[in-house]
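According to TrEMBL, the region 'Disordered' annotation covers B:1-25. As annotated by TrEMBL, compositional bias 'Basic and acidic residues' applies to B:1-16. Per TrEMBL, the feature transmembrane segment maps to B:44-61, B:67-88, B:95-115, B:121-143, B:150-169, B:189-210, B:241-262, B:268-286, B:293-313, B:319-336.
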Amino acid sequence: MQTRQLLLRVEGIVKAFPGLMALDGVSLDVRSGEVVAVVGHNGSGKSTLVKVLAGIYQQDAGTVALETMAGQTAELHFIHQDLGLVPALSAVENLNLVQASSGALAPLRTKGETRRARSLLSRFGQQFDVHAKVSELTPAQRAIVAIARALEGWAGPHNVLVLDEPTEALHKNEVDILFSAVRSVAGDGAGVIFISHRLDEVLDLADRVVVLRDGVKVADERAQDLDHGRLVELVTGSALSEQREHVRRERGADAVLRIRGLRGAVVDGLDLDLRPGETVGVAGVLGSGREEVPSLVFGADGGTSAEYLLHGRPYERRSAAASIRNGLAFVAGDRARFGSVPQLNARENITLPRLGAHRSRMGAISIRRERAEAARLAAVFDVKPARTEQRFGLFSGGNQQKIVMAKWLRNTPSVLLLEEPTQGVDIGAKAAIYAAVDGASAAGAAVLVCSSDAKELVRLCDRVLVLREGRVAAELSGDELTERRLVLEGYGLVDEQAVPHPSI
Amino acid sequence: MTTTRDPETTPDRHPIGDPGAPGPATASRGAVVARLLSFRNISAIYIFIAIFVVFAIWTPQTFLTAGVWRTLLDAQSVTALAAIAALIPLVTGSFNLAVGAEVAFAGILTAWLLARADLPVTVSVPLALLAGALIGLVSGLLITKVKIDSFIATLGMSSILLAGVAWVSGSQQILDLGQGLNELATTSLLGVTLPVYILFAVAIVSWYVLERTPVGRRMYATGFNPDGARLAGVNIARMQIGSLVAGGVVAALAGVLLTSRINTGDPTVGPSLLLPALTAVFLGSTQFRGGRFNVWGTVLAVYVLAAGIKGLQLVGAPSWINALFNGVALLLAVGLSRWERTGRRAGAIRRVTSRRAAAVGRAGR
């Protein structure tokens, strides 16, 4: 393997965003015939790396160099998570978009194209109707069409194919189909970069695994030298420090919120009890139903439950407005779309859920009092700059989230529902948001945190429910609540790892 | 409609990458005044002054007479009301392409009730306003409950209403309305006719509700981001339906005044108000409120456009100059605010990136 020809050399890539070092001197080599997996958690810098390679971002420092092999300079080809196919067109038509077999207005050579499409696709050992709409194919077949399209028009086999989280939507057996397609591409002499956060699958596929954490390359090892336990440690960086910062608090005995049999699109019969002052986490891989839970509890997106008791009384969730009146608060994960009105200013966003507070004579809002309250909250939640008349959309991600926290905690909710509370947020703002969550909890709110960040759950929560395929696979609390256990339970890897990895 | 909340058309008052710009907390009075008087904030007023000066020099004997201005003020009050009727739903993100047809329908209905049903003015006018409210309600239900896009729903409503207008009127003018209704338009106070007072009363109420009350805040939130507004507890369907009902009543009022001014039920006048009304709303959104649709910007836009057209007519320009002037003014105003914005943003990004590159370069050493 070491003797193989180098195709891509990435050296010392640095990419910074305001308050965040997304990539800090990352280097990476890809050789002909090699599959290199790049793994890491959300925010580890994986997607920034792809965007730098694709030229979407300009790196602040470092170089990306493509080598020449057998008289051909390697090219970079990308398959992004959404595959970039046109769903309403057939496989043949999608393949043809890149390189039409005839002139722009000349009639299409249907027969020849069909033959060519079949021969391209047959390399991957999959038989399916090349004239069916892509939207009617299985996800794996779609991925293969995307790969075939990426291979279209390669001058030679020695190129680099970058697959960005291509297995997100695939079932296990479909993943196998995709993997054999990827291996066949590599077998022909291409180099493959495979971006994933699914630690369970990369060891099956990759020759080499590169682990990113907080923008730094922490490992670059041959896959055969790694096992799942070691990989989890590398990704979470938690082997050495399993110390929990979370402070336990006295909490009320009676649940403020009691739900039985909560059901949504994925969530399948979840039972939930939240006590005042208690912080409960929801973990799980993407697609486990984790991300659905807070909005289901809030009542924003339908969903049903066998029993829903709020303060011991049945509550039927009819609208967001009713839930807010009943003391629920929901910090949505997608800030720009669900968590705010970006075109309004910070003050207007903060007061929107409860505008009655500053009502003066004749039903008007007292702007003076509203400004005073917004300014006070901006100071409490450390919003920078503390310009409450600035449009929400112009604040940085972290400060937007602080404004969102201010907006909800202003209502002193009895139940605080958080979805990815620190997504796209820099370290400093993270601390402020954790402080806000702790503050709400100390004030007696019951807090529910759904997060893909295991470290965050360990930091914030008293106990964590780990979901797998819509059901609770494990509940962790006390000493069991570690990043390592969360990740292993999320992937269902615990049984394979009967002997726990020796901790140092 | 997404068009109505396109952030690109919305000039922001505090650009990114301009940390030196004073915020309201720290801004000196001078900076605030300078911002308020800046060209981009009140360009229509400067344009108005320019128009005034040009035509005052060009044709002083006609342009500078009080009669011209009185007529202008009076004649445009209907257009301005139609513009407010289009504005209110747009704030909540709903296009109302039926504004012109609503005006026409209410106008014809009033005439029909007076001339054919022999009802007194005190009954006919409220009935016409009620009809406007019902039309708005139907549009609102089509948009929120049947989930038809507002553009399509109001286009369909517009066509249906025009059919209704033709049916009620038999495509003929309705004459013999008696004197009662005409008094509404001809009564004048301090040299200004009643429709102008009605316009300003409607404008003040609309401004107050939109800018000063919780309802108005929720309407803007609905228009900017319905999902975000809903999750913040705003009943967005109620906001949209309410705005279309309110817009329907204002459009009906415009229709009543239209019929009252010409003392005839004319089936052809109302529909032609749609384009000038929408033009004024979009032009007005570039004024005063940093890109938000707003009442005073809209009213100002109606009169600035009308003054320009009046001046051109007085110097003998052909009648098609109206439409040309409206179109050019709209494209120029929106185009300029967008161009200025992208230019400023590009500058801000350049400054930020060069600073960061320098910082990274230092860190790398």
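Cβ from N, Cα, C; glycine included.
Packing against the transmembrane segment (B:268-286) from elsewhere in the chain are residues 9, 11, 40, 43-44, 78-80, 82-83, 85-87, 90, 97, 99-105, 107, 158, 162, 165, 254-255, 258, 262, 292-302, 305, 323, 326-327, 329-330, 333-334, 337: each is 6 or more residues past its ends and has a CB under 8 Å from a CB in it.
Counting C-beta pairs under 8 angstroms (sequence separation of 6 or more), the transmembrane segment (B:150-169) fails to reach the transmembrane segment (B:293-313), with fewer than 3 such pairs. The stretches the transmembrane segment (B:121-143) and the transmembrane segment (B:189-210) are not in mutual contact, being linked by fewer than three Cβ pairs under 8 Å (pairs 6 or more apart in sequence). If you count C-beta pairs under 8 angstroms between the transmembrane segment (B:95-115) and each of B:67-88, B:189-210, B:241-262, B:293-313, the highest count goes to B:241-262. With a cut-off of 8 Å between Cβ atoms, the residues of this chain six or more beyond the transmembrane segment (B:189-210) that come close are 66, 70, 73-74, 77-78, 80-81, 84, 87-88, 91, 216, 219-220, 246, 250, 253, 257, 260-261, 294-296, 299.
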